[in-house]
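The annotation region 'Disordered' is assigned in TrEMBL to 1-54. Sequence annotations record features per position, and here TrEMBL assigns compositional bias 'Polar residues' to 22-32. If you look up TrEMBL, you'll see 36-48 marked as compositional bias 'Low complexity'. Residues annotated as domain 'Amino acid transporter transmembrane' in TrEMBL: 96-505. What TrEMBL lists as transmembrane segment is 97-118, 124-146, 175-195, 220-236, 243-263, 290-308, 329-352, 378-402, 423-443, 449-469, 481-505.
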Amino acid sequence: MSKEVNEITSHPATPRPEVRTPQVSAPPSQLHSPALRSPLPRSTPRTPRFMRTPLGSPIRHAIVTMKGHLEELGHLTKLDPKDAWLPITESRNGNSYYAAFHTLSSGIGFQALVLPVAFTFLGWTWATICLTVTFVWQLYTLWLLVQMHEAVPGTRHSRYLHLAMSVFGPKMGKILTLFPIFYLSAGICSALNIVGGSSMKLFFQIVCGSNCTSQPLTSIEWYLVFICLAIVLAQLPNLNSIAGVSLIGGTTAVVYCTLIWVLSVSKGQVAGVSYDLVPAKSDLDRVLDILNALGIIAFAFRGHNLVLEIQSTMPSSLKHPSRVPMWKGVKVAYVIVALCLFPMAIGGFWAYGNKIPSSNGLLAALIAFHTNDIPRPVLGLTLLLVIVNCLASFQLYAMPIFDTMESAYVDKYNKPCPKWLRSGFRILFGGVGFLIAVAFPFLSSLGALIGGIALPVTLAYPSFMWISITKPKRYGVSWYMNWFLGSLGMVLSVVLTIGAVWSLIKQGVDLHFFQAA
């Protein structure tokens, strides 16, 4: 018996097969783990002693096999290691509060100031109906985007462009969405430079007073001051790191929107106010006015190109998917957005009627009609809030551009972007935005054109992508509704863009290139 025992114990140990840990697989609940900041683990976790015995080898093999099956079923999400090096997905510890901050900052801003201009072309009834329908429509497409973030098992669509490429194909996805997304982000950043710089100039004039002996800066110099401040703020590394900036931006937007419409309404209607439609010389001009108004309303609801990026900053798991906190944050943000946009549009039109300026809308009207009967500190505070909001919104809308610039470096060299190069990219983008603002100081007046070009990103593409990914029952309610909304969005985009261009050609705009007022 002892001999048998000796023979058994003298056998060599069973060789243990080497098991490689998958490089890029991790449970979604650990997507925000610091260990994922590099493509490889910093240290190899210690294997329990039992798992190193011959009896533990089959168990280890079963665990690895089960992990593979779970990845195929979507219970574990496969991560691209390069995402840990890019500013949008570098940090994944976001929450519903961060989502609300970012969504509020992107959902309300200077574009709300010109909403009453749309009322001058549409009138009370039709303008209110169009504004309400567009608000509900864009909120529905936003919900679709939130649901599609992880609609494909095992995949997180962390960028709007990536979702479009996944649905429409790499080539067609870029053709359809790359230009509208970049045009929207870069165009808004340049417009923010113009609005922010112009507000700085007005703020200085109000603070300094009529007896000021200081030599004021020119508009271009104020643009430069604004962009320098924006570039300094842009050194914050990633999307989660600017959550506080977005909170400040959203708060200042709510405060100055409320201040402007409350001050305007409290002062009553201006002398000679009229609510009649702006006279048109011909039926064609009337059609162009209507299209211009619809474009202004569409431009007021931009920000869908940032929804997936914001959601990608959150951790996610099978039990706690990221769509739950994201939608909570969106609901809170858009309740606040509605409480700002509708009073501004309706109250502003009531106070100024068709006398409201087409450029800068309510802000320009407040200064033009009430400079003498509103205390200077109140006007100065309003302009200061506009400046702060423009600086904060610039960071949020510039982030996809920063991410794309760094992505080109990461794809080429397969390593994270150095800090000096990251700063260089952001300084470069700020410089380009400044040049665009100087060359096209009338850019903030092209809201209808920007709204028409970017409209598919907000109102059309999400419906088509939803049909492709979720495959609703053919000829069912969801199938018909999304085909209708997507098709209507594309038609409106084409018509509004043509109408805006035609209106610019026919009626003209003050095209003072390189001559900022």
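Placed from the backbone N, Cα and C atoms, the Cβ positions cover glycine too.
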When counting Cβ pairs under 8 Å to the transmembrane segment (290-308), the leader among 243-263, 329-352, 423-443, 481-505: 481-505
Long-range environment of the transmembrane segment (220-236) - Cβ separation under 8 angstroms, sequence gap at least 6: 192-194, 196-198, 200-201, 204, 242, 245, 387, 390-392, 394-395, 398, 402, 423, 426-427, 429-431, 433-434, 437-438, 516
Distant-in-sequence neighbours of the transmembrane segment (481-505), which means Cβ under 8 A and at least six residues beyond its ends: 137, 140-141, 287-289, 291-292, 294-295, 298, 446, 448-449, 451-453, 455-456, 458-464, 466-467, 472
Selected stretch (most C-beta pairs under 8 A with the transmembrane segment (175-195)) from 243-263, 329-352, 378-402, 423-443: 378-402
The transmembrane segment (243-263) and the transmembrane segment (449-469) contact flag, 3+ Cβ pairs under 8 angstroms: no
Chain residues outside the transmembrane segment (378-402) and at least six past its termini with a C-beta under 8 angstroms from it: 87-88, 102, 105-106, 109-110, 159, 181-182, 184-186, 188-189, 192-193, 195-196, 199-200, 202-203, 206-207, 226, 229-230, 233-234, 236, 239, 242, 245-246, 248-250, 252-253, 255-256, 259-260, 263, 305-306, 309, 363, 366-367, 371, 422, 425-426, 429, 433
Closest-packing stretch to the transmembrane segment (449-469), where packing means Cβ pairs under 8 Å, from 124-146, 329-352, 423-443: 124-146
